[in-house]
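Asker: Could you have a look at this structure, given as structure tokens, before my questions?
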Amino acid sequence: MAFKIASSPHVTRNLHTSTVMQRVILCLLPGLVVQCAFFGWGTLVQVLLAIIVALSAEAAVMKLRQRSIKASLSDNSAMLTAILIGVAIPPLAPWWMIVIGTAFAIIIVKHLYGGLGHNLFNPAMAAYVLLLISFPVQMTTWIAPSTVAMHSPSVLDSLQLIFNIGANVNMDQFRLGIDGVAMATPLDTLKTDLSMGLTRTESMTKAIFDGATGVGWFWVNLAYLAGGLVLLKLKAIRWHISTGVLAGLFIASSVGFLLSPDTQGSPLFHLFSGATMLAAFFIATDPVTAATSPRGRIIFGTLIGILVYIIRTQGGYPDAFAFAVLLANLCAPFIDYYVRPRSYGHSAG
């Protein structure tokens with residue numbers, strides 16, 4: 001009996017774009033739930049508003065381009081971008097900020113370059129940087145975590161502040177800790193205190209800190225880490241970029257901490273503060289804007305981790321993942337060019 005051998009590949013993975021996006025969104029949910037638990041319903045409101053704007057903008061652009069609206073919406077890429085923007089901005093930021101940011105991400109960053117698969121920059125991070133540069137006060141005004149807050153916003157409070165309706169609530173009352181002092185994020189607090197001459201140990205006696213990490217933020221990062229590990233298990237992402245991000249940040253922060261423990265945050269503090277785990281597993285791993293080869297992905301991720309540490313400690317913004325990711329996006333083509341495997345019979349590069 002003669003057997004016919006089919007052409008390669010002989011093993012395939014039936015993972016469509018929509019399936020991958022669905023898995024990423026589902027793995028984001030633990031982090032979203034924990035974030036809402038510590039920072040109130042505002043985060044969920046921002047996410048839902050971002051989804052509405054993203055899907056509307058996606059449909060409008062597809063109609064203008066005379067493409068299939070149903071096919072574009074069903075790939076879930078616009079929804080994922082919306083969720084990432086929603087969890088990245090302060091929970092009680094004005095409604096028009098999330099509208100501007102999400103519309104910019106979908107219309108300009110994604111579709112101006114040709115749509116899904118053609119954008120040069122991560123849409124969510126480009127939107128975040130636009131908002132941070134344009135509205136720095138609103139983008140750096142976080143409320144106190146619920147466990148140390150004097151007052152926690154209810155659903156009604158969140159809606160009133162986000163949509164600026166009613167006059168019986170004020171943002172300032174939700175920034176107060178149990179000691180009556182207005183709170184910033186742990187990264188912001190440490191950076192400000194160090195610039196005022198306090199040591200790391202003195203700064204971390206404040207209520208916003210819980211041991212070596214920040215109140216609430218440790219658990220938020222732990223939840224995103226758990227979701228990220230599930231993503232790896234499901235093979236929705238590869239390990240190279242996430243490992244590179246965490247390794248680069250860990251090594252850079254370890255060197256800084258060893259050289260000056262009184263003026264630098266510990267590696268544990270950097271790994272479990274701000275958007276570290278969210279960015280490492282859900283943002284930096286965007287396959288469109290990252291390097292493509294295994295070695296290139298490791299370099300890409302490591303570059304992000306090192307840039308985050310440099311900007312956090314030397315720059316003007318306490319959390320730096322958006323800038324680090326966009327800078328690495330710029331470097332991705334060069335990384336691919338110099339580390340791509342040599343084709344047989346041709347020189348490398």
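Cβ atoms here come from the backbone N, Cα and C positions, even for glycine.
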Asker: Of 20-42, 158-180, which span is tagged transmembrane segment by Swiss-Prot?
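Answerer: Range annotated as transmembrane segment by Swiss-Prot: 20-42.
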Asker: Quick one: do the transmembrane segment (20-42) and the transmembrane segment (291-311) reach 3+ CB pairs under 8 Å, ignoring pairs fewer than 6 apart in sequence?
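Answerer: Counting Cβ pairs under 8 Å, fewer than 3, so no.
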Asker: Taking the transmembrane segment (239-259) as reference, which of 77-99, 212-232, 265-285, 315-335 has the most Cβ pairs under 8 angstroms?
Answerer: 265-285
Asker: In sequence order, which same-chain residues at least six apart have a C-beta under 8 angstroms from Thr185 (FMN phosphoryl threonine)?
Answerer: Thr140, Trp142, Ile208, Gly214, Trp217, Ser273, Gly274, Pro318, Asp319
Asker: Per DSSP, Thr185 (FMN phosphoryl threonine) is which: helix, strand or coil?
Answerer: coil
